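> Just dropping this structure here.
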Amino acid sequence: MNHFEYIDGVLHAEGVSIPEMADKVGTPFFCYSTATLERHYKVYADAFEGLDATVCFAVKANSNQAVLKTLGNLGAGADVVSVGEMRRALRAGIDPAKIIFSGVGKADAEMREALEADIAQINVESIPELVELNRVAIEMGKKARIALRINPHVDAKTHEKIATGKAENKFGIDWTRAIEVYRDAAAMDGIEVTGIAMHIGSQLTDLTPFREAFTRLAGLVEQLRSEGIHIRNLDLGGGLGIAYQGETPPLPDAYGQMVRETVGHLGCHITLEPGRLIAGNAGIMVSRVMYIKDGEAKRFVILDAAMNDLIRPTLYSAYHEIIPVEEQGEEDVQATVDVVGPVCETGDTFGKDRKLPDDLKAGDLVAVMSAGAYGAVMSSTYNTRALTPEVLVKGNNFAIVRPRQEIDQLINMDQIPAWLGNE
Ligand SMILES: *Cc1c(COP(=O)(O)O)cnc(C)c1O
């Protein structure tokens, strides 16, 4: 459920009308709903009631500090994959004791900063990384609390670019080698083994792969215990999918029940890292129609947003619902159109063969739905287009939480070397 609805025929985010925001902010822009973020977080967190669990929001899904603070105020921790994300989480006031550092390759400087900040846990994904972290920790006179990220060799049955738990994926340590790596880790002076971590993929719409992976994980924990290696934190990752196009992913309650059944008996603290589920449907991208182009074979609706603003359709062939901001009547004639951006790439297409009002015209607004996760965070400045602003709504108020970048700000970052004549 989200809080983007038509009120008197005009799309609103909670109590604020989209055209009102568009007038003040310009287009395109990302718009997030506080009520939806809060609701998603609460429904998810409630699914683990009775378990000793911490929900660490996956910052890579949406790293705006206003979003992080909204969730942090409800008790969320953060799962970060770079030192930049860690700084954002800390600045948003998230307790270091609730920050987990994941990711396939952490640089020395990142390890150092994480140890300095005394975050809860660093998830290690390979033996060389473990050796390096040990070295850095010893140098600093510290012990790094770690989990090993284990790759359970489970097919998440999701888009190939966001499946992470198969043998051929770059993520984690093969589960068949886990015991020996844990033995090595336990013998390292700079390492304190605290946990075990998994994240098998994103946008999963079925519980079966999770169940398989967590069952495997529980077996490992028991095996490790019999070897005297005490695992106290289970990090189960994120990955629960959302509805983009009528999918019916399992509800958080069913997921929570499955977690109880597979790992509940181990008596461990549980960390969860949802990203998409919290933020995906809590955000939209608002764009203005620039031109309607009636081609030979097709009608194109050309937006002022492009693939640099929201790359998911281009990158993952992802589906995003696109709706007119002015509500269409039941009787109104619809046209079948391709919705595209102005960037010079055929891939710059938001949707093919979509139904939009036949009388949609230049200047009208449309909303690209489900753009709250992996939207603004993945945007770029391709075609020298400035980064898109982000707006957060709460009730009848809204605030710009990232202003539009000035194009000159962007251009001024280039430096001409002296040999080219740098006046
Ligand atoms: C991306 C990622 C997540 C979040 O995944 P969602 O599908 O957005 O829930 C959680 N944990 C790790 C380690 C990740 O890489």
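Glycine is treated like the rest: Cβ placed from N, Cα and C.
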> For the pyridoxal 5'-phosphate site that TrEMBL assigns to Glu273, Pro274, Gly275, Arg276, Tyr374, which of Gly239, Gly246, Gly341 is also named?
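Matched candidate out of Gly239, Gly246, Gly341, per TrEMBL for pyridoxal 5'-phosphate with Glu273, Pro274, Gly275, Arg276, Tyr374: Gly239.
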> When you measure from each Cβ to the nearest atom of ligand 1, which of the binding-site residues Glu273, Pro274, Arg276, Arg312, Glu345, Tyr374 fall under 6 angstroms?
Glu273, Pro274, Arg276
> Highest Cβ count within 10 Å among the binding-site residues Gly239, Gly275: which residue is it?
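It comes out as Gly239.
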> Rounded to the nearest Å, what's the C-alpha distance separating Gly275 (pyridoxal 5'-phosphate binding site) and Glu345 (substrate binding site)? Just drop the number here, would you?
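Cα to Cα, Gly275 (pyridoxal 5'-phosphate binding site) and Glu345 (substrate binding site) are separated by 29 Å.
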> Can you give me the Cα-Cα distance between Gly239 (pyridoxal 5'-phosphate binding site) and Arg312 (substrate binding site) in Å, rounded to a whole number?
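About 16 Å separate the Cα atoms of these two residues.
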> Per residue, counting other C-beta atoms within 10 angstroms of the C-beta, which of the recorded positions Lys60, Arg276, Arg312 reaches the highest number?
Arg276
> With Cβ-Cβ distance below 8 Å and at least 6 positions apart along the chain, what are the contacts of Tyr374 (pyridoxal 5'-phosphate binding site)? List them in sequence order.
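Result: Lys60, Ala61, Asn62, Gly275, Arg276, Gly280, Arg312.
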> Cα-Cα separation of Glu345 (substrate binding site) and Glu273 (pyridoxal 5'-phosphate binding site), in Å?
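Here the two Cα atoms lie 34 Å apart.
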